[in-house]
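A short worksheet on the structure shown next.
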Amino acid sequence: MREIVHIQAGQCGNQIGAKFWEVISDEHGVDPSGEYRGDSELQIERINVYFNEAAGGRYVPRAILVDLEPGTMDSVRAGPFGQIFRPDNFVFGQSGAGNNWAKGHYTEGAELVDAVLDVVRKRSEACDCLQGFQICHSLGGGTGAGMGTLLIAKIREEYPDRMMCTFSVVPSPKVSDTVVEPYNATLSVHQLVEHADEVFCIDNEALYDICFRTLKLTCPTYGDLNHLVSLVMSGCTSCLRFPGQLNADLRKLAVNLIPFPRLHFFLVGFAPLTSRGSQIYRALTVPELVSQMFDNKNMMAASDPRHGRYLTAAAMFRGRMSTKEVDEQMLNIQNKNSSYFVEWIPNNMKVSVCDIPPRGLKMAATFIGNSTCIQELFKRVGEQFSAMFRRKAFLHWYTGEGMDEMEFTEAESNMNDLVSEYQQYQEAGVDEGEEFEEEEDFGDEQ
C-alpha cells in the first residue's frame, strides 16, 4: 500500500540505516534471513510499507544502499542483518569522496548517480502506491552530503509529487569530525532548503548527551547513538505500519508541520528514555511521556527549544492509551508553556495515536517540532563557514572539482536568509501581518 523507498548514503547514512533496519525488522517479526517469525497478524498486515515480499515468503527491505567506497557496505553486509538486503540494491563506487562535498555532488558522485536512480526507479515501479522517499545521510561529509543532496534533487525532478524526507546528521557544536564540515553542511543545507519536504535534524553531540546523561551509558558507541535515531525513524512511520486510532503519514505530517515552504527543518525527540537499571522504578503514563517529550534534554539536535518558539509540533503516541487523556495532556502543556508557542497559529499540535508500542515498552511517543530555535544550529555552522571562507581556506579542494566560489557565496546567503526567516517568525505577533508583507517586498528589491 503506502510504500516508502529508503535510501542510505555515505558512511553515516549506512550505519544509521543498518540500525534502523534492525529495529524495523524486529518490530515486524522478521529475522535476519528475511523469514517471518512474528506472533501477531498485525505485524504482517502492512509490512509492505518498508518490505517487499520475495519468493518463498521472504521479506526484503525496500532499501537502497549507496556509498562511494565499499568499506561501510562490507561492514553492513557482515552485520547482524546484512544478509536481508537485496544484493543489487548495493550501489557503490571505489574512489571515495574524501569528505569533499564537490566530489560527492559533481564528480565522483555524479558518475554513480545514474546507477542509483536506476535502482530507485525499479524499486518505485514495484510499488502499488508509493508514498515517498526517506534518506539517511550526514551533512558534514562528502558522500552523504554531496551525493545525498544530488540524489534528492534528481529524485525530486523525477517524482515531484512524492514526499521527500531526510534524516540528516548535522554538525555538532563542539565535536567536529572533519575540518571542512562547515563548508559541506552549508552547501547541503542550500540544497535541502530547495529540494526536500521534511528534514529531521539530528546531531551526534545531542545524542551523546542523551546517552550519557539520561541513559547513563559511560562510553556510548555509535551503535548506541544510531539506535536512538532509529527509534525516531520508526516512530515517524508507525502509524503507516500499524493500526491506530488517529493516523498520520509523511504527507499529513508535512501539511501540519510546515507553515512556510522553506521552514521544514525539524527537531526530533523520543520518550521514554530511561537508563537500563531505572526502568522498573518508573511508571509509564501519558503525562510522564508528554513532559519528557517536551524536555529540552530529549531533543536529538543541539538547539534548545527554550531559546525559540514552536511554530508547530507533532506528537505520535504508541501503545494502548486513552485518546482523551492524550488530548488533555497536550492541551495542558500548550497552556502551561504558551509563551513557547507562536500565538498566530492556534492549536499548533498534531497528534496521532498508534495502538502497537515498540518492542519492550508499554507506551512510547515520538516528538517532531518545528521550532525557531533550529536557527541556532544554522547560525553556528554559518559562523564557522564565514570564518574559513573569508580566508578562502580549503577552497582549492572544491574549485579543483569544478566548483565556483559563487556557489559558496550563494549557499552562505541562502542559509543566512533561512536564519532570518526563522527569527522573523519568532518575533511575530498576531496583529503584525501587514508589516511583514511590506518587509518582504523590500527584501526582494535589494
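Placed from the backbone N, Cα and C atoms, the Cβ positions cover glycine too.
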Which of these, ASN48, ASN89, ASN204, ASN247, does Swiss-Prot say binds GTP at the same site as GLN11, GLU69, SER138, GLY142, THR143, GLY144, ASN226? ASN204
Name the residue range among 27-46, 427-446 that Swiss-Prot annotates as region 'Disordered'. 427-446
Name the residues of the same chain, 6+ apart in sequence, whose Cβ is under 8 Å from the Cβ of SER138 (GTP binding site)? GLY10, GLN11, CYS12, GLY13, GLY144, ALA145, SER168, VAL169, VAL170
Under 8 Å Cβ to Cβ from GLY142 (GTP binding site), same chain, six or more residues apart: give me those in sequence order, or none if nothing qualifies. GLY10, LEU68, GLY96, ALA97, GLY98, ASN99, ASN100, TRP101, LYS103, GLY104, ASN184
Candidates GLN11, THR143, ASN204, ASN226: member of the binding-site residues with the richest Cβ shell (10 Å): THR143
Quick tally, other C-beta within 10 angstroms, GLU69, GLY144; top of the binding-site residues is GLY144
